[in-house]
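Trainee: Handing you this structure, nothing more for now.
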Protein chains: 2
Amino acid sequence: MALRYDQTVPLARVLASYHNLAKPFKRYQTQPVWRGESPQKGRYREFLQCDADIVGASSPLADAEILNLVLNIYQNLGLNITIKINDRINFEGLEKKYVAAIDKLEKIGESGVLSEMVQKGMVEKEAQEALKTLQNKPLTANLQQILDHLKQMGTDMEKIKYEPTLARGLDYYTGMIFETVAEGSTGSICSGGRWDNLIGNFTGQNLPAVGFGLGFDRTVEVLKEQGILLETSSSASVLVTIFSPTYLANSLKVAEKLRANNINTELWLDADSKLDKQLKYADQKSIPYVVIIGPDEATSGKIALKDLTLKSQVLLSFPEVVDKLSNSR
Amino acid sequence: MALRYDQTVPLARVLASYHNLAKPFKRYQTQPVWRGESPQKGRYREFLQCDADIVGASSPLADAEILNLVLNIYQNLGLNITIKINDRINFEGLEKKYVAAIDKLEKIGESGVLSEMVQKGMVEKEAQEALKTLQNKPLTANLQQILDHLKQMGTDMEKIKYEPTLARGLDYYTGMIFETVAEGSTGSICSGGRWDNLIGNFTGQNLPAVGFGLGFDRTVEVLKEQGILLETSSSASVLVTIFSPTYLANSLKVAEKLRANNINTELWLDADSKLDKQLKYADQKSIPYVVIIGPDEATSGKIALKDLTLKSQVLLSFPEVVDKLSNSR
């Protein structure tokens, strides 16, 4: 038995099996994947990976479309991000072991990178020169073209930052590469690039590809940190209480009608509980409102709506209750 | 390493670990689970299970709430279903091996059930009597109460059918049990019931529970069979073509504006392709509309919208295009 460790190899196998898929072939895929990593915050053994790729398009327009998609996703989530981009061609002529050292620049600093390069066999002066040359590399024609397309799409170009020392996984990407960082947080939450050779290994047929993997769990962690995603102990807007067995039917009817009006409604589930117990439960679950239908309410055809935050109670008609609750969340 | 085979034992473990969760504790959970079954249609080794349970409520009102939820889910999906219900108390005094035989009634018929009961040790006449007695058992007080609550909630009672020979898994449920069948299809797509003893095995603390597991894959299969869920080769409403490199920027801008207007838009990804190739792609992917912006359109500020089904083409303003495409799907 084996556990899926990515969604890219499965994609390559699909393309190897179905030769006549219309190209460019685009797909997104969201599934759990597994890694043997040590678990920590936002880093689990099992995690949800959201991939999107375009296969069969070698134009920089496809790269721009992928970056534009990442920007749109995070804009829709309300998260302020920066995408760091680079081009693999910048590392041409530099041995993999040195590129791996340079990729650690942010973690271990320049002196750390240089000493690792020296340790791996480069003369110190050469290492300094190689790093400096890399750091000063101008935008490649390919990246310039991608950025031009993004501008034409109306992208906020401040969200994109050229970083000539960014390397990422070394056996995989062939052109543009990128990482996404969120404001006020460290580590990449979405990364990818162009990978033109992998599918060919499976299919024999050469198929260019560009895409990304978005870390769902890490993205959720950041959304929580930024207070964009709130953790509440209940998603219900209101608890419909049961006054006594006599008024049970009234409560059931009102609960169903509230749900039909798209109010997230919790119903108390015991006809014999004291009202105090029900109110305590709503409080414990942070449910903001409580509906009470007792003898007075049943006679008047009105509903008592208790606001647990303000500790106030009003007598309302059903449409007034719907109105109040619709505007409360 | 072990793969998750259900979501009930994990739920029981959560309740064993967190004693002070407010009760009733309700949760839903959607995750892949794995079974060693032979794969067939709607029956995979890995499948998506959607569970919902209420823990800590022993009242028949909780059972009614769970059934009501199942009815609402399938009503929202537009699927015509029947829920078969029974009460475990109906099998009291009957050995498990005989109940297992009776549970096969729909599959192997009365004669099949009787011969299995005889094979397992019962005298033929007794087996006939036991089966007949069971088939004629009236609704239990518990089921009657649950049905009364459903009526009070406004449920369409024709969707629920009492079936005193329904047994389900034998080591698990303690009260009401149910299975959901879809019109025009066989096999249960959602099943559950009351399981009051399982959590106690983990916690020591006795906690009643009622809930269900909905088979996502089987439900999707039925939705496809009934033509409710359509499989298309593309979800895009329109392909924005690229007339030539000169008009690329116009196309990119229009594609982005269409997306900003919630139109599912595909963009052609090569500035040098012939229009014919682009139209062929749209056709292959069943994309119904194509946008063309060439020299005439760029000059007039209009957009050519081609309807690939009707093979017609009109020149429209941007808002007219949005209007047309918004109403087309």
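Positions of Cβ are set from backbone N, Cα and C atoms, glycine also.
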Trainee: For the L-histidine site that TrEMBL assigns to A:D6, A:Q7, A:T8, A:Q49, A:D53, A:R168, A:Y172, A:Y173, which of the candidates A:R35, A:R259 is also assigned?
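Mentor: Candidate in the recorded L-histidine site: A:R35.
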Trainee: Please work out the mean pLDDT for the residues of the domain 'Aminoacyl-transfer RNA synthetases class-II family profile' (A:24-245).
Mentor: 92
Trainee: Within the chain of A:Y173 (L-histidine binding site), which residues six or more apart in sequence place their C-beta under 8 angstroms from its C-beta?
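Mentor: Looking at Cβ-Cβ distances below 8 Å from A:Y173 (L-histidine binding site), excluding near sequence neighbours, one finds A:R88, A:G193, A:R194, A:W195.
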Trainee: Ten-angstrom check, please: count other Cβ atoms within 10 Å of the Cβ of A:D6 (L-histidine binding site), all chains counted.
Mentor: 14
Trainee: Near A:R168 (L-histidine binding site), which residues of its chain come within a Cβ-Cβ distance under 8 Å, counting only those 6 or more away in sequence?
Mentor: A:D103, A:I177, A:E179, A:S191, A:G193
Trainee: Taking DSSP three-state, what's A:T8 (L-histidine binding site) in: helix, strand or coil?
Mentor: helix
Trainee: How far apart, in Å, are the two Cα atoms that lie farthest from each other among A:D6, A:Q7, A:T8, A:R35, A:Q49, A:D53, A:R168, A:Y172, A:Y173, the residues recorded as binding L-histidine?
Mentor: 21
